[in-house]
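Taking it in order: structure first as structure tokens, then the write-up.
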Amino acid sequence: KMSSGAADLRQRKKQNCTESDKMAPEERNKENSKLGRSPKYMLIQRFAKLFFGCLAAVTSGMMYAVYLSTYHERKFWFSSRQELEREITFQGDSAIYYSFYKELLKAPSFERGVYELTHNNKTVSLKTINAVQQMTLYPELIASVLYQASGSEEVIEPVYFYIGIVFGLQGIYVTALFVTSWVMSGTWLAGMLTVAWFIINRTDTTRIDYSIPSRENWALPYFACQVAALTGYLKKNLNCSAEKFCYLLVNASTYTFMMMWEYSHYLLFVQAVSLFLLDSFALAQTEKVHEVYRIYLFSLIGGYLLQFENSALLVSPLLSLVAALMLSKSLQMNMKKSAFVSRLLKIMYIYLVLTVAVTLNFVLKMFIPHKENGHLLKFIEVKLGLNTTKNFTMNWLLCQESLQAPSQDFFLRLTQSSLLPFYILVLIICLFSVTQVIFRRICGEPLREAVKLEDGRIGERPEIVYHVIHTILLGCLAMCLEGMKYLWTPYVCMLAAFGVCSPELWMTLFKWLRLKAVHPILLALILSMAVPTIIGFSLWKEFFPRIMTELTELQEFYDPDTVELMTWIKRQAPVAAVFAGSPQLMGVIKLCTGWMVSSLPLYNDDDLLKRNENIYQIYSKRSAEDIYKILTSYKANFLVIEDSICNEVGPVRGCRVKDLLDIANGHVVCEEGDNYAYSKYGRFCHEIKMNYSPYVNYFTRVYWNRSYFVYKINTVISFQS
């Protein structure tokens with residue numbers, strides 16, 4: 001019976017446009033006359049609702065972008081800083097991304113700039129890299145084209161243009177979440193509440209404060225647009241023009257999202273699993289779901305071609321799942337459709353899809369040469385306790401805060417803003433309603449063509465079911481890795497806001513409670529307005545003063561030691577010099593000086609990971625000769641030692657860089673639960689400061705301040721004591 005229901009849904013999809021677009025004017029007039037309203041009045045009301053809703057959505061996005069810009073200015077005093085001091089605010093991988101944007105602007109032509117990036121041998125010593133492919137520099141390519149094509153050279157400085165685009169995208173991000181909540185609830189009050197929760201919980205919804213140029217800050221706004229369009233596309237009884245618009249927007253945003261972030265296909269895989277489960281229980285129009293699968297397929301193929309034949313996309317779980325879904329559906333449709341066979345296929349469908357997807361992914365990885373983040377799979381093994389390792393890189397990743405389980409503070413913050421309690425309430429109601437719908441479908445009851453408010457069946461709306469499944473899957477990931485909260489929390493804001501503003505959700509709850517004292521429809525309408533209003537006022541009273549304090553309070557960010565180091569390098573170091581040190585510092589040196597470095601803070605390349613581990617040995621207990629051999633193997637001329645790493649006093653013992661190096665090098669002995677460090681050599685970063693042989697034979701100190709010690713690596717070794 002479920003298979004016949006799916007067939008009904010497919011037929012309904014074909015009839016949908018004609019039925020909604022060709023609805024007799026007489027029927028609409030009859031509906032309006034029953035309510036005592038003329039068609040003209042209804043048209044004006046709809047237009048006003050749409051106009052003010054769009055105005056509120058766009059205004060929310062613009063105000064958020066202005067808020068970010070103002071907060072950034074107050075935090076870094078950007079307008080009063082010199083160019084070098086501004087660039088120092090970009091740390092780690094952010095510095096690398098912005099440095100390539102600068103190189104593109106300095107190139108004699110855009111074509112020449114792209115060529116130099118795709119054949120880059122001026123960044124990492126002894127290594128030619130395709131920086132566009134390896135670091136996904138399409139955002140920088142677009143930003144440089146816009147900057148030059150718009151004639152902004154005489155109007156705005158490059159750094160302001162760059163961060164302005166990112167802040168603008170964050171405004172689009174917020175607008176897309178607003179629209180998604182609005183489309184689901186039918187009221188733009190839900191969108192306003194979504195934006196309020198998003199901004200209040202900014203610490204847990206975005207990393208824009210810490211890393212402006214990061215790939216996710218460029219990519220996630222497009223994913224939010226895709227989710228908003230997909231929400232509209234999955235709705236029942238959508239007219240043809242709206243459906244086509246949503247379809248085209250899903251197409252464009254999916255492909256753009258895939259081009260902006262190297263890990264985008266993993267997030268799209270989670271979305272594809274959500275749609276797969278939605279389709280498996282025949283809760284959505286099958287043709288629409290399979291159209292989205294085709295969009296995934298075309299985006300993967302287009303991404304593969306434009307990303308220099310990126311083999312990671314061919315062996316991605318997304319491609320395997322989409323291929324398995326299409327193959328399984330084809331087999332299912334070509335089988336004889338007797339009642340017994342249809343039921344059997346429905347039961348076996350999920351098992352068949354998963355089996356084919358896993359098998360196909362295994363076969364593709366056997367025959368297609370790829371470097372699909374092997375270290376990521378090893379990390380997952382160690383994280384799940386399936387393996388142990390002494391490898392420095394793996395243990396360093398495991399120690400990163402973003403890869404730990406979320407702290408209690410995270411849940412406390414969400415609770416204090418009332419977000420988590422309302423999300424749990426909305427999720428429970430929607431889950432119970434979806435479970436009821438699935439049970440009815442198994443019993444053979446078809447889905448209703450249109451769900452009315454008095455029905456109290458919010459679980460029959462496919463876009464709601466999709467978001468429930470999607471947030472649950474993202475939530476499971478966020479419970480394992482704190483860094484995943486930036487993907488989950490924005491949609492928690494959206495779903496919670498939709499729920500408290502939706503009369504259908506309250507009506508679903510009242511249907512279960514069987515209220516008789518008060519008319520349930522009237523009470524649902526009242527609560528859908530009263531509850532978000534009360535929440536809004538309480539949030540305004542508690543959090544608005546804090547936000548205004550952030551914008552008015554002048555913060556001091558100044559790093560004179562780093563400024564002095566960069567100034568010395570630009571004035572004293574030879575142009576052909578190669579610097580070695582921690583990857584994070586090397587990113588800043590590359591940006592601020594343009595000098596070549598021996599390593600970069602990137603973790604998607606095995607060779608760079610090995611370089612990082614080798615050069616980090618300057619903080620280990622190894623001999624001067626060993627360190628000298630390592631550095632000269634990368635043609636390094638200068639060594640920069642950071643006092644903050646050498647004398648690090650971390651909150652978690654065993655996660656400091658020097659502790660991880662001691663474990664990897666076997667310099668730690670465990671006895672009766674205690675760890676003892678042992679090596680016949682002292683810690684290199686300490687010993688080299690003593691200026692005695694053999695360290696002075698290999699290295700000559702040429703500059704130092706409170707934070708940094710710079711040593712020239714001798715080309716001619718002197719063994720005079």
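Using N, Cα and C of the backbone, Cβ positions are placed for all residues, glycine too.
Per TrEMBL, these features apply:
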COMPBIAS  19-34  compositional bias 'Basic and acidic residues'
REGION    1-34  region 'Disordered'
TRANSMEM  50-71  transmembrane segment
TRANSMEM  182-200  transmembrane segment
TRANSMEM  266-284  transmembrane segment
TRANSMEM  304-327  transmembrane segment
TRANSMEM  348-368  transmembrane segment
TRANSMEM  420-443  transmembrane segment
TRANSMEM  487-509  transmembrane segment
TRANSMEM  521-540  transmembrane segment
Cβ pairs under 8 Å between the transmembrane segment (182-200) and the transmembrane segment (420-443), at least three: no
For the transmembrane segment (420-443): best-contacting stretch of 266-284, 348-368, 487-509, by Cβ pairs under 8 Å: 487-509
Within-chain partners of the transmembrane segment (487-509) [C-beta distance under 8 Å, separation at least 6 from its ends]: 173, 177, 180-181, 184-187, 189-191, 193-194, 197-198, 201, 204-206, 220, 224, 227, 267, 414, 419-420, 422-423, 425-427, 429-430, 433, 451, 453-459, 461, 467-468, 470-471, 474-475, 477-478, 520-521, 523-525, 527-529, 531-532, 535
Surrounding residues of the transmembrane segment (348-368) on its own chain - C-beta under 8 Å, 6+ positions past either end: 276, 280, 311, 314-315, 317, 319-321, 323-325, 327-328, 331-332
Highest-contact recorded stretch vs the transmembrane segment (266-284), from 50-71, 304-327, 521-540, CB pairs under 8 Å: 304-327
Chain residues in Cβ proximity to the transmembrane segment (304-327) (below 8 Å; excluding those fewer than six residues from its ends, i.e. six or more beyond): 118, 130, 132-133, 136, 258-259, 262, 265-266, 268-269, 272-273, 276, 290, 293, 296-297, 352-354, 356-358, 360-361, 364-365, 368-373
